[in-house]
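> Dumping the structure here so I can ask a few things about it.
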C-alpha cells in the first residue's frame, strides 16, 4: 500500500476537478462527491499508517527539473511523521466535508465550497507526502492559495475579502523566509532532499552559523503559516471564513503545517542550539501572548483563533526544547480537540446566528449534543486529566523542564492557566446562564453535523492514550524508531509537573466558574442540585474578591497591553511597510506625466549617468 | 562573387523566413485585389497557417548543424532556432487574438494590413535571432519597430491609439539613434560589421585602455538603446502609455514578441562581443563580468519601478505594462548573473512569459472588448459570469506572480538559482527580485479578488470566440505542463540545442 | 593634431550640421525649420565628401532635396501658421537634459580625445559607387533585400495612418 500512497492526494484533486466542471449541475449533491473522495483518501491513509507500523520508510523519486548539471527530483516519502499526518489531515478533512453538508446548506455556491475544500485537501496531503523542500514549497503555496479562496468565500463581506488578502500576504512574508532558507540549504548541500540535508548537517559539512541561519529562515516560513508572533495577525482575521473552514484549515491542518515543517526539519534544527532556542522562545511567547489576548475576546471564533495561536506556540515550544515527540503528539491531539471545538462552535453559530458570546447563554439545555461535546473539547484543551490534551500538554511541560529552560517552563504553565480560564469563560458564557432573547428558536444541528463532532469528541478523549507515562509511550517509540537523528530517551517526567499542570488548569477553570457562572448560580439549571455548590462558593467569596482584585486585574492589564502591541506595533509595522511601498508607487506614477519628451529625457539621462559612472570608475582616467 | 557561389549557400535554412515573407506578400496582394465587401478576417487564418508552416519547417531544421550564409549575415545556430521557435509560437497566438479583435469602432478596411504587418514585424524579429552581422541585425530591428509603430496606431479613430503610436515612434526614434550611435562606434573601432570578426578585433585591441573605454561607451549605448525594446529601465516609460493605447493584440505582440526579440538581439550582441573582450588591463575577467553591476542596477530598477508603480494602476493594460517592465527586469537578472545556464534560464522564462502573458491578454481582450472599458473593475465577478475563463485567468495571474505549480514559478526559480550559483552570488539582486515578487502579489491578487470575491456588474454570459478560446487553452496547457513537468521543456532544449555551444563559433 | 584644410572643413561642416539641428528644434515657423534641416543635410553630405564617399554624398543631396521639397509643401499646407506653442518643459527637466548632454559629451570626448586609430590602407577612393554596389549585391544581400520589406512596411504604414477615412466614398486603395 505504501508504494501507492501517491494516490491519496489525487482523490481530493479529482473531486476538485469534477466539481469545477459539474458543480453547477450537481448543486447540493456535490457534497456526496466531496465526501466520497475524501473517504477514499482517509481509508488509504489508514492503510498506509497501518502498514507503516511494520514496514520501513518508503521513498520514491524521479527527476523533475534539470538546471544545468543540477537535477531536482520529485517523489514521495512515507515515514512515521507523514503517515500520521496523512491520517490526521484526511480524517479531519473527511469530517469537515461531512459537517459542511449540514452547515453550508442553502448556500448558493455550495459546490464551489466543496471544490475549494478538495483543492485545499489535495494541497495539504501533497505537502505532507513531499520528500524534499522544493516540492513541499510548491504545495505550501498551494495550501496558502486554497486558504485564500476559502477565507474569502463570503466575498460579499468586506471583512472577509480583506481577511483573505491579509492572510495570503502575511503568510507570503513567511514563505519568502522559507524560500530563502531553502535556497541557502540548496546552495550549501546541492540538494533539496531532506535526507541529503540532514546528512550534510550531521556530518558538519555546513558551518554552524549557516545551519542556524537557514534554520531561522525556515522557521520564519513556519511562523507565517502557524501564526507565530509577530506573523500571527492574519489568523484571527481568517475567522471570517465559513466555520468548517476554520476547523479544517485554521485549527487542524494548514496552521499545523508550520509545526510539521519544523518537525520534519527537526534534525537540522537540532544541530543548532541557537535556532532551537529561538523556536522555543517564540513558541512560549506566542503561547502566553495569544492566550492573554484570548481572555478578552467576545467573538466565539476569535477566542478559538487566539487559542489556536497559543496552542501552536506550545507545539513550537515543545520542538524548540527538543521535545520532538511532545510537539507531534500535541499536534495530533490538538487537531482533534480544536477541530471539535470549531465544529461545535459552528453548531452553536448555526443555532443562534450570532458569534458574539455576550449574546449567547443557557444553550446547554437546547443543544443536547453540541453542549457536552463542546465541554469535552474545552476539558481537553484545558488539560484536565484523562483527556487527550492533558497528556500532550504534560509532555510539553516535561520537555521544557528537562531542557532546563525554566523561564519558558513557567511561561507555558501560566499560559496553561490562561487557556483553562478563557476556554471555560467561553463555555460558561455560551452554555450556562440566562437565555438571551436572540436565542429563542434554537435547535440542535442535523445529524450530518453532529456525527463528525461525535467522532472528534471520541478522539479528543482517547487520542491521548497512545502516549502516556502510565500505559507506555507507543507514539513516541514508534515515531523515533529507526530514525537516528532523533533520540527519544525515556526521560523521567517528574510527577509534580503533572500535578502542577492539573492544578493550574483547575485553578483556571474555577476562576472562570466563579466569575462567569456564579452570578447565575441561584437561577436556572444549577438551581436545584447546586445549592451545596452555591454554599461552597459563597464561602469562598473573599477569595474571589482577592482574585478579582489581583489576578484578574493583572491579567486584564497584560491582556490590554498585548492587544495594544498587536494593534499598534505589529499592525503598524505592516502598515508602515505597505505605506512606504504605496508612496513609492505614487511618486513613480507621478513621474509618468504622459509627456513623451520626458520619457526621452529620462532615458537619455540614464545613459549619461551610466557613461559618467563608467568613465569615472573603469574608464580612461586611470 | 558569381551565381554559383550564391547558389551554393544552403538557402533552405532560411525557409521559415521565406515562408513568412511569402505569406506577408500574399496577404498584401490578396488584400489589394479582394473585393471591398469581402471580410478580411479570413486572412488571419492564412497568416496563421503560414506561421504554422514556418514552425514545421523550423522543426525540420532542428537537427541540422549551425549554418552560415553570406558571411554570417544570416546564421542559423541553436540559439537562433531556440528563440525563433518562441517568436513563432508567440506570433501565432497573437494572430489568433487579432483574428478575434473587434474594437468598438471596428477596424474597417485596415483589417488586412493589421494581419500582414504582424508578419513583417515577425520577420524582423526572426532575422534578429539569426544573424551575426550588425547591419542585418539593425535592419531586422527596424523592420520590427516600424511594423509595431503602425500597428500601435491602427485604431485611427481612437485618440489613445494615436497617442500610443506617436509616443512609440518618438521614443523609438530616440532609442534607434542611441543604438545606432553605439553600433557606429563598434564599427568605427573594429572596422567590420561581422560580429565574429569584430569580437576578434576587440580582443586584440583591448590592451589599449582607450579602445577599451570606447568599446565600453558603445556597450552602454547599445544596452540603453535596446532597453527600449525590452521596456526596461531607464527606457521603460513609454510602455504604459503605448500598451494602454494600442489595440490589445498589438499590446500582446509588444509585450511578448517584441520583448523576446529585444532580448535576443541584446544577447547576441553583448555576449558575442563583450564576453570575449577582457574587462580591464589584468585581462582576467571579461568585460561583461567586470561590468555586470550596471546590468544588475538596471534590472533592479526595472523590477522595483515596474512592481511598485503597478500597485497604483486601475487600467488593466497599464498594469500589465508595468508588470511587463518588472518581468524584463527579472530576465535581466539572468543576463547580469551570467552563468552556465543563463541561456536556459532566459529561454525558459521567455517561453513561460509568452504563455502566461498571452493567455492573460487573451482574456483581457475579451473582457475589455465586451465592456468597452479597461478598468480592473470590469473583471468583477468574472467567476460567476464564466467560471472556466476566470479559472484560466487565475492560473495566468498565479503564474505571472510566480506561484508554484505554474511555469512562471519555474522560470523565476531558474533565474534565481542562476543568480545565486554564480560566483560571487548576486545576493542583493536576488533579494530585490524576491521583494519585487512579493510586491507584485498585491496587484496580482487585487485582480484575483475582483474576479472571485466581487459581485458581477452584469450577469451577461461571455461568448468566447474560437481564436481567443484556442489561445487560452494552449497557454493554459503550457503554463501548467511546464509548471508541473518543467523538464519537458528543458529536455527539449537540451536535446535539440545542446548547451548552445555553437553560439560563438 | 595639425590644423589642415581637411580639419577646418570638418569643423565648419559639423558646426553647421549641429547648429542646423538645434535650430530645427527651436525655431517656430515651419519654413524656417525646413531650411535649418537643409543646412544639416547638406553639411552631412559635405562630411561624406570629406570621407571620400562621393556616391553617398550625391545620394544624400538627391534624396533629401527631394524630401525637403515635399516636407516644405506639407509644412506650408498642413500646419497652422500662427500656432502658439505651449509652454514646454519644466525647469528641472531642462536642467536634467542639459546635465545629461554635458555628461554624455564629456564621457564621449574623454574617449575620442587623442584617439589614435592605426591608419589602414583602403581603396575607398577608387570607384566607390561600384564598391557599394558590389557590397550590397553580394555580401550584404540579405539586409539589402530585407530593407525592401522594411520600406514596403513603412510605405503601407504611412498610407494607413495618413489616409483620410471617408465613410461615404471609397478611398483610392493602397
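Placed from the backbone N, Cα and C atoms, the Cβ positions cover glycine too.
These came from TrEMBL, pasted as-is:
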{"type": "DOMAIN", "residues": "B:131-432", "note": "domain 'NADH:quinone oxidoreductase/Mrp antiporter transmembrane'"}
{"type": "TRANSMEM", "residues": "B:15-34", "note": "transmembrane segment"}
{"type": "TRANSMEM", "residues": "B:82-101", "note": "transmembrane segment"}
{"type": "TRANSMEM", "residues": "B:113-129", "note": "transmembrane segment"}
{"type": "TRANSMEM", "residues": "B:135-154", "note": "transmembrane segment"}
{"type": "TRANSMEM", "residues": "B:166-190", "note": "transmembrane segment"}
{"type": "TRANSMEM", "residues": "B:210-231", "note": "transmembrane segment"}
{"type": "TRANSMEM", "residues": "B:252-271", "note": "transmembrane segment"}
{"type": "TRANSMEM", "residues": "B:291-311", "note": "transmembrane segment"}
{"type": "TRANSMEM", "residues": "B:320-341", "note": "transmembrane segment"}
{"type": "TRANSMEM", "residues": "B:347-367", "note": "transmembrane segment"}
{"type": "TRANSMEM", "residues": "B:427-445", "note": "transmembrane segment"}
{"type": "TRANSMEM", "residues": "B:466-485", "note": "transmembrane segment"}
> Which listed range (B:15-34, B:166-190, B:252-271, B:427-445, B:466-485) shows the maximal number of Cβ pairs under 8 Å with respect to the transmembrane segment (B:113-129)?
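The listed stretch sharing the most Cβ pairs with the transmembrane segment (B:113-129) is B:15-34.
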> Please figure out which one of B:82-101, B:166-190, B:252-271, B:291-311, B:320-341 racks up the most CB pairs under 8 Å against the transmembrane segment (B:427-445).
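Against the transmembrane segment (B:427-445), the leading stretch is B:291-311.
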> Using a Cβ cut-off under 8 Å, which residues of the same chain at least 6 positions beyond either end of the transmembrane segment (B:291-311) come close to it?
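Same-chain contacts beyond the flanks: 216, 219-220, 223, 227, 232-234, 236, 240, 279, 319, 322-330, 332-333, 335-338, 426, 428-429, 432-433, 435-437, 439-440, 442-443.
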> In terms of Cβ proximity under 8 Å, which residues at least six beyond the ends of the transmembrane segment (B:347-367) contact it?
82-83, 86, 89-90, 93-94, 97, 100-101, 248-249, 251-252, 255-256, 259-260, 263, 316-317, 320, 324, 327, 330-331, 334, 378-379, 382, 389, 392-393, 395-397, 399-400, 406-408, 410-412, 414-415, 462, 464-465, 468, 471-472, 474-476, 478-479, 482, 486, 489-490, 493
> Taking a Cβ cut-off under 8 Å, which residues six or more beyond the ends of the transmembrane segment (B:320-341) line up next to it in the same chain?
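Residues packing against the transmembrane segment (B:320-341) from afar: 230-233, 236, 239-240, 242-244, 251, 255, 259, 263, 266-267, 270, 275, 288-289, 292-293, 295-296, 298-307, 309-310, 313, 349-350, 353, 357, 360-361, 364, 400, 411-412, 414-415, 418-419, 421-422, 426, 429-430, 433, 436, 440, 443-444, 499.
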> Residues sitting near the transmembrane segment (B:166-190): Cβ under 8 Å, six or more positions beyond its termini, same chain?
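Apart from its flanks, the transmembrane segment (B:166-190) reaches 134, 138, 141-142, 145, 148-149, 152-153, 197-198, 201-202, 205, 211, 214-215, 217-229, 235, 237-238, 241-242, 245-246, 273.
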> Look over the recorded stretches B:15-34, B:82-101, B:135-154, B:252-271 and say which has the most C-beta pairs under 8 A to the transmembrane segment (B:466-485).
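Per the Cβ under 8 Å count, B:82-101.
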> What residues elsewhere in the chain lie close to the transmembrane segment (B:82-101), defined as a C-beta under 8 angstroms and at least 6 residues from its ends?
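Tertiary neighbours of the transmembrane segment (B:82-101) are 16, 41, 44-45, 47-48, 51-52, 54-55, 58-59, 107, 114-115, 118-119, 122, 125-126, 129-130, 247-249, 252-253, 256-257, 260-261, 264, 343, 347, 350-351, 354, 358, 361-362, 365-366, 369, 465-468, 470-471, 474-475, 493, 496-497, 500.
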> Do any residues, 6 or more residues outside the transmembrane segment (B:15-34), come within under 8 Å Cβ-to-Cβ of it, and if so which ones?
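That would be 40, 43, 46-47, 49-51, 53-55, 57-58, 60-61, 84, 88, 112-113, 115-116, 119-120, 122-123, 126-127.
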